[in-house]
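Student: I have a structure here, written as structure tokens, and I will follow up with some questions on it.
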Amino acid sequence: MKSRPLLSAVIATAMLALSLPGALPAVAAPAPDNWQKVLEEANGQTVYWNAWGGDARTNRYIAWVAEQMQADFGVEVEHVKLDDTSSAVARVLGEKQAGNDDEGSIDLIWINGENFAAMREQDLLFGPFADTLPHFALTDPDNNPEVVTDFTLPTDGYESPWGKAQITFYYDSAQVDAPPQSIDALLEWAKQNPGQFSYPRIPDFTGSTFLKQALIELSDQDDALYQPVEDSDFAEITAPLWAYLDELHPHLWRSGRSFPDSGPNLRTLMSDGELSLAFSFYPTDAAVAVMEYELPESVRSYVLEDGTLGNVHFVAIPYNSPHKAGAMALANFLLSPEAQARKQSLDMWGDRSVLAISQLDDSDQALFEQGEQHPSALPVDALSNTLAEPHPSWMTALQDAWLERYVVN
Amino acid sequence: MLRYVPILMIALLVIPVTAGLGMVLLPAFGYLPVLGGEQLSLAPWQALFSQPGLWRSVAFSFTSGLASTALALLIVVLFLAASQGTWLDRSLRRLVSPLLAIPHAAVAFGFAFLIAPSGLMARLISPWPSGWQSPPDALIVNDPWGLALTFGLVLKEAPFLLLMSLAALPQLQADKRLQLARSLGYAPTIAWLKVILPSLYPLIRLPVYAVIAYATSVVDMALILGPRLPSTLSVSILGWFNDPDITRRFMASAAAVLQLGVTLAALIGWWLLEQLICRCSRHWLTNGSRRRGAATLTVAGRGSLALTSLSALAALVGLALFSVAGFWRFPEFLPQSLVLDHWQRSAAMLAAPLVTTGVIALVATGLATLLVVAALENEQRQHLHPRRALWLLYLPLLVPQIAFLFGLVVAAEQIGVRPQLSLVIAGHALFVLPYVYLSLGESYRRLDPRWLQIAQSLGVSRNRAFWKVRLPLLLAPLLTAVAVGLAVSIGQYLPTQLLGAGRVTTVTTEAVALASGGNRRLIGVWALVQAGLPLIGFIIALTLPRWLGAPQRGSAR
């Protein structure tokens, strides 16, 4: 048996050596300063848009976008549904590894946070392009730094903002009278209601966000969290977090011996009656779930008193995309008042707009006026208190430390 | 021409697997220039061995793989020993192929909902007589011992092993042997175990090994049912390959090589077990005891397969209920209202993936069947003994998918083959072909050679005899093999996703993508569609030969 892997290693090495390409010129990128030219080039292109496909509403919205792009710009949009965004990062890397520098399989990625940081670090993104999109100015970046910052990293035009998310708690008002209003209160609540709350297993995105939320509330080291983790004493800053979790876990769902898989999984457990308090990264999640029979109508949403973590999510173009013009036209359309208003409506998706709505002209503002507020949704003014994301290195460090502590050896 | 087919077939199966393995082996030892890995090192292994819970992951993969295979085999053997042609036995046999057709992920979803604390079984006894107003806080699915995963695997493996056994049995002339044994006073069940089993096992050994390899490295079922802190090795590997921290790929590659080792260790462990049982049972086989334990074995044999089939069916019923459920909360046994919203909303999204799924499955299975038939026909004409080269055919089934697919994508890129539909089809054929061969081989060799001798003695050419005599006589097993091939193709997730760059959307990739969203109602819709598709193939395989009046031969009985 030994000889076969060895043989194949030899074959593979030979293949590697043979295929080393000469330095290929980067694919002719569209000149972003001439928007008309970009649109002309985009016409007729097919844009492969890699975006998480786990939510039917997101998928429906992207399908609507695809129709608009076809009708208005002659761009065909194919939604490549991912179960995990990082697999798209891995794919671009694989292509770079194989010397595929201009025929990549991905034209646009829905991305943010550590995935973006990783792609930037490995030089896998095309740009800067975002600031040249005609609609980008509608986000009023000078006054809204969150649309040009991703987990403390400047986007430098390598990502174009798409929507906003923020941790939002929800509970069944028929079962719970006074839901906890802070991370400390949550511990007390869990002790009184054992097995009724949980958070997704690390390294899930939503679960990791919960760790950061708790860390921000439990430590007074706010400044340190916004610098690379190497610059501060990780053990000391996170000590209160681990003490808190050690105390919390025995009172969680399944006594903390297992954790749900993902944010949406919390919703399913809530729907089964296994949890009575949960949270989501999408403020409208609970209302939407009620409309789709997943949660009882008595569900209500709220954010913690001192605010919750929020962030902006983006779209980015891989460096080897063969359809950059189409991808830029799509990114620009996603920022149009029409597309943003559609996305924000509960019937479509319920994802918050990144546009500076008060700066828009009247007719565009009117697009965002929603009808009656859904009783399970968060009141509009509840999201004013948003905490910023720590530096991405904290997320990775927290994940590793959590796994080290709580995975059974 | 025909004589080159076996070589072609083996090359088609062996080259991709070894190329893929090679492309994983290099980074496992630190060589991946694009990430700055310029020279060989053991750093990836050091990183791997410092992962929390690694050895537990390895232990899960090893034990759940061996335990589920042993249990499934035991169920199948006892059932065959105990089944003596009653009504129940015949219905169970008929149920087997459809159960085989249901994709693993769909079974896992349904099974999870069946046994969860808030699932169907708990609802059946709640609130009365259990007194549960809300679900008990019990760790059943994702349990730390991997039991849910083990039983979930049994649900899928038992039908496969039964089908393989039923295909192999006729060549043992079981009826004659049993009659002889019974005339010597052996109880039917005991007679089967002592007289048939020792000659049957060697015939189904390869399928058993394929099952072990599959069970030790399964991804989709382990994602749904497996333990969490830590996960099985295969699930951890997927996570590391997909980690945004791209340098983890070195460690992931090392882990993929480790997975190969775990699967190999499980196979060796099983082989040792075989030797042990063989040694220990020698006395029992020849001690002349004719009746002891017969009644217990009979009940156990029928009961366990019935229970397995019932669990799988109940899992499907749960999925079906969810696909039309309005609000449905514990402890209600049925949904408050039934709605068609979920189906209506999915309908528009279903069309394109359905077409793609069908095209891939048909082309891959067609190609595979063509090659298999050509190889088998060559074997017959050259009077070859099939055993040795067979092991190579099983390479794609014995080497864990997760160990070579990531490397295969890189290897394909390397020679300039971009992810696309045809690459996905080729990837599917890699897994479909061995299964088609497994399903068809025995029936093909068993066909009485006198049929063809008579035809040729009447002046019919060999080729004409093949078309006019052999194929019609083999129609039923051929269609069954095709149906198995279609089912295998439709269930493939990892190859579709990786080789298609996610652009090739099938019902299965959609179902798994939706699964990450956790909406049970939509999962129900897609899982049912996913389960229904291969069923069509099996229904055609069962009814078409009868309708055409073809002889009832082989495994499709």
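Glycine too: its Cβ is placed from the backbone N, Cα and C atoms.
TrEMBL lists these features:
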TRANSMEM  B:7-34  transmembrane segment
TRANSMEM  B:54-81  transmembrane segment
DOMAIN    B:54-269  domain 'ABC transmembrane type-1'
TRANSMEM  B:102-125  transmembrane segment
TRANSMEM  B:145-169  transmembrane segment
TRANSMEM  B:250-273  transmembrane segment
TRANSMEM  B:310-330  transmembrane segment
TRANSMEM  B:350-376  transmembrane segment
DOMAIN    B:350-544  domain 'ABC transmembrane type-1'
TRANSMEM  B:388-409  transmembrane segment
TRANSMEM  B:421-440  transmembrane segment
TRANSMEM  B:471-494  transmembrane segment
TRANSMEM  B:523-544  transmembrane segment
Student: So if I exclude everything within five residues of the ends of the transmembrane segment (B:523-544), which remaining residues of that chain have a CB under 8 angstroms from its CBs? That is, six or more out.
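Tutor: Result: 97-98, 100-103, 105-106, 109-110, 316, 319-325, 342-343, 346, 350, 354, 357-358, 361, 475-476, 479-480, 482-483, 486-487, 490-491, 507-508, 510-511, 514-515, 556.
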Student: For the transmembrane segment (B:471-494), could you work out the same-chain residues 6 or more beyond its ends whose Cβ comes under 8 Å from its Cβ atoms?
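Tutor: Contacts of the transmembrane segment (B:471-494) (Cβ under 8 Å, skipping residues fewer than 6 from its ends): 97, 100-101, 103-105, 163, 167, 219-220, 357, 360-362, 364-365, 368-369, 372-373, 401-402, 405, 427-428, 431-433, 435-436, 438-440, 443-444, 447, 451, 506-509, 512, 530, 533-534, 537-538, 540-541, 544-545, 548, 550-557.
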Student: Quick check for me: are there 3+ Cβ pairs below 8 Å between the transmembrane segment (B:388-409) and the transmembrane segment (B:7-34), leaving out pairs under 6 residues apart?
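Tutor: Counting Cβ pairs under 8 Å (6 or more apart in sequence), the transmembrane segment (B:388-409) reaches the transmembrane segment (B:7-34), since there are 3 or more.
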Student: What residues elsewhere in the chain lie close to the transmembrane segment (B:421-440), defined as a C-beta under 8 angstroms and at least 6 residues from its ends?
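Tutor: Distant contacts of the transmembrane segment (B:421-440): 9, 12-13, 16-17, 163-164, 167, 206-207, 210, 356, 359-361, 363-365, 367-369, 371-373, 375-376, 393-394, 396-397, 401, 405, 408, 412, 474, 477-478, 480-482, 484-485, 488-489, 492, 495-496, 498-500, 504, 555.
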